[in-house]
Structure formats: C-alpha cells, structure tokens
Amino acid sequence: MSYMNTTWEKVCDSLQKRLSPGTFKVWIAPLVASEHDGQLFLYAPSLFVMNWIQERLFVDITEAVSEVSGGTMKVQIEVKSSVPDKPQVSLTDYNNKQHIPYNGFPNTKVSISRSHISSQTEQLPLPVSLVKAPFSSRSWRYSFDSFVVGPCNNLAHAAAQNMIKDTASVDTLFLSSGPGLGKTHLTQAVGQALCNISNRANPKVEYLTAEEFCSCFVQSLRTKNVDSFKGRFRDTDLFLLEDIHFLQGKEKMQDELLATIRSLQGRGSRVVLTSSFAPKELKNVDNRLVSRFCSGFLAGIEKPNAETRRRILIEKAKVHAVVLSEAVADFLAMKLVGDIRQLESSISNLVLKAKLLDCMISMDMAKDVIAQYTQDDPFMNIDSIIHAVSGSFGLQAEKLYSRSRKQDFVVARNTIFYLARKHTDMSLQEIGDRFHRRHSTVLKGIASIEREIQRKSPTGRQIANTLNLLERTNIHLN
C-alpha cells in the first residue's frame, strides 16, 4: 500500500467521524485523491460538487489532512476533467476495504444537459488563513455570463460592466443591497472579466472584505511592515472591497481606506465597493470617505420579481447540470420570494433529493422541498418577526424592548433588526423607533450579525441556523 493510499484512507477515517453518513457518502465518496510535491489534490466529479465542498466542507477536510499529515500537507480541489497522471486513489478501494457498498452518486434519472458541465479544470486552493490571497483569473466563482439581469438589478449590472471598459465613465462603483441579492456576484464578475480581457499577463487585482482589509492593516502594524501593506493595496489595477459598513466607528481604518482610494483614483485604477447600506445610511464614517463613495456611481439592487426569480432558478439548475421544467420553475418562482441565496438553497436541495432517491424532479418533489421554506398562510411584518425570534430564543417579546444588554437580548434584537431590514420595507429609522433605539444602533446590530455569519464562528453558525430556521418555518418572505 502506498503512502498516498494510507494518507487518504486516514483522512477518510477522520472525516467519517466528523461528518454524517449521508454527507460522507454524497460529497466525500466521489472524490479522487492524488499527491504531488507535498500537496493533496482532490478531484470532484463536477463543478457543482467542487463549489459545494469548497463552501461547506473545506474546514473539515483541511483539519483532517492537517491531523493526518502533522500540518505539513496543503490541499487543493479541482474538477475531475483532466486528472494528471499521478498515483491516485478513489473511495472505491477504500470502501471495499471498509465494506461500504456506496461509493458515489447513484445513476440518477434527473435530466442532464452536458453542455452545461465545465470542460476546463478550475482549481481553487482551500483557504487556511483568514486573509484571502489575491484572486487569479482561474479562481473567480462568479462571472457576468451567469448573472441573471432583471428590473431589480439592470442598472447595477450595467454599471459593473462599464467598470471593465477602457472608456469607463467613472472609476469607482458603490453597490448596495440587502443580503443575498447579488453584490458579491457582480463584484467578482468585474474581477473575473478584467483578468480575462487585460493585456497584462497578471493584472493586479485585490479582492477582500473590509474586515480582512482591517486584519491586513493590523498585521502590518504588528510586523512593522506598513509600507508593504500600502504598496499591496495602492499599487493595483482593480480594488474590490466588500462590506464597507464594517468600518463604521473605526477611525484609523477609515483614514487608511481614504488614503488608499485617493491613491488608486489618482493613478487611474478602478474601485468597486459594496455594502448592505447606501453611503447616506452609514453612521460614524468620515464625511470625506462618504464623499469618495459618492464621487463614483451608486447603484442599488432590489429583490427580484417573479419572472427574474424564474430565470435565476433555471440558471442555478444549469450549474447542477440539470434541466428544470417550466412548470417546476414557475411553481418555485411563485413560492420562493426571498433572496437569491434562498433560490440557490432550494435548487440544491431539490437536485440532491432527486439524486439520493434516484428519481426525476417532479412537481410533487418540488412541493415537498418548498414546504421547508414557506407556509401556506403568508404573513410578513415586524410583529411576526418579533414573535418568531422571541420564540426561537426563548425570550418574552416585551423584554426585547428593554434597555437590557444581556447577550441573549442583544443577539435576539440584532436578529430582528437583520430580518426586518432584509424582508420588510422598513427603514433603519423605523426599525429603531419600534425598539426606542437610534438609527446607528440598528445599523451596528445588523453589521454584527453579518460579521458573525461571515466569520462562521460558533456564534455565527448558531445565528445562521436560527435565521435559516426562522425564514423556512416561521416567516413567508414577500
């Protein structure tokens, strides 16, 4: 038995202890592994599987590999379209040894259009550290080709495409919207497009969140390497920064970002910024910085209408290499009226259920999946949100209006702020008035919820699960 076989088998042993049997069978079993130059390469059967593992299982995989290799082996995942001629091992031998009869997806009857399966290997290194490395043209997840344009986002889409033109009318774009409506998609699409059309072999592109920007700056201060930090972000062709609202109240970081944007605009570079809030809604942000935000083009993104949702569902199904019938697409579009992440999640669950049951996607199956997301009796207002959140947290709704700073009350209130902002037409001021809080308190609370979810901390995962449960079972989004 080779070292590679031993390594992968040990990793699988560890993963079986960490993951549920169903998760291991569906996502880990189809992988093929090989080792080269001290790295473990994992080959997924499709782009969908690779992206799913990248988003949900990479922490478990990297921890298991680190445990087995003593922290010496790095991990990369690719689509199995051109596996190199290296010693490989799939779960076939491993499962035979362990007497596990299942070693991949069942032969499914789901309609598949092979023209939608990527023919190129897309390699994505599984991140280990907090700070992202600069993106290359091969590591962008989203592109303009996969963005569905509708009345809700056509202006933002046109503005984003304008950013990659030589004749761009502005050099700064500020995108704002509620969570899950396409800000990240458009931001990455700008980066991907610039990398593809640039006449330079390696255009300088920086893509990160405002929190990661802060972490980089703090690290440069600790290592006394501020000049390197400034050189990295001020000498770039395209600067993509998400979640600007994280910088509220952080004066030093605002000064650094202001200097960075000034430098970039001075050298003719392009800047794309995103936030859950429009510049005028930001609090405790330097007026000079807000002025810089407003000096470019401001574009908001709204919730998609039924027709746009239908087209998004069809497009997301193509990512899974599945052809969705018009009837099922229309049904889902009418029932799922939340954000785009909800549409993605429903399609993922629908496809996975069809594969696990080895059957075609039918209207009955769609209705079963929809039942996890909506109720037959729709209701949506601040009162229903307060009722649902207080019940989920085991708190009396009346006490949420108090001035208590106990952690449970703070998290529950912030969750209400987040849901009200995301799923109602209430302004930040109106939400604050309901709880006798200031506009800035509501904004800060929403930002804290988003930050914990993005960090995927224990608290963040708990909040995300609570939000998911509430949105599926207690609230009909409209």
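Glycine is no exception: its Cβ is also placed from the backbone N, Cα and C atoms.
Over in Swiss-Prot, the protein carries these features:
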- 1-72: region 'Domain I, interacts with DnaA modulators' (REGION)
- 72-136: region 'Domain II' (REGION)
- 137-354: region 'Domain III, AAA+ region' (REGION)
- Gly180, Gly182, Lys183, Thr184: ATP binding site (BINDING)
- 355-478: region 'Domain IV, binds dsDNA' (REGION)
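Structure with Swiss-Prot features highlighted.
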| residue | record | contacts (Cβ under 8 Å, 6+ apart) |
| --- | --- | --- |
| Gly180 | ATP binding site | Gly338, Asp339, Ile340, Arg341, Gln342, Lys422 |
| Gly182 | ATP binding site | Phe147, Asn153, Ala156, Ile301, Ile340 |
| Lys183 | ATP binding site | Leu175, Ser176, Ser177, Glu242, Thr274, Ile301 |
| Thr184 | ATP binding site | Tyr142, Glu242, Thr274 |
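Other residues of the same chain near the ATP site, with their Cβ within 8 Å of the Cβ centroid of Gly180, Gly182, Lys183, Thr184, are Ser177, Pro179, Leu181, His185, Leu186, Thr274, Ile301, Ile340. Mean per-residue pLDDT, taken over the region 'Domain I, interacts with DnaA modulators' (1-72), amounts to 79.
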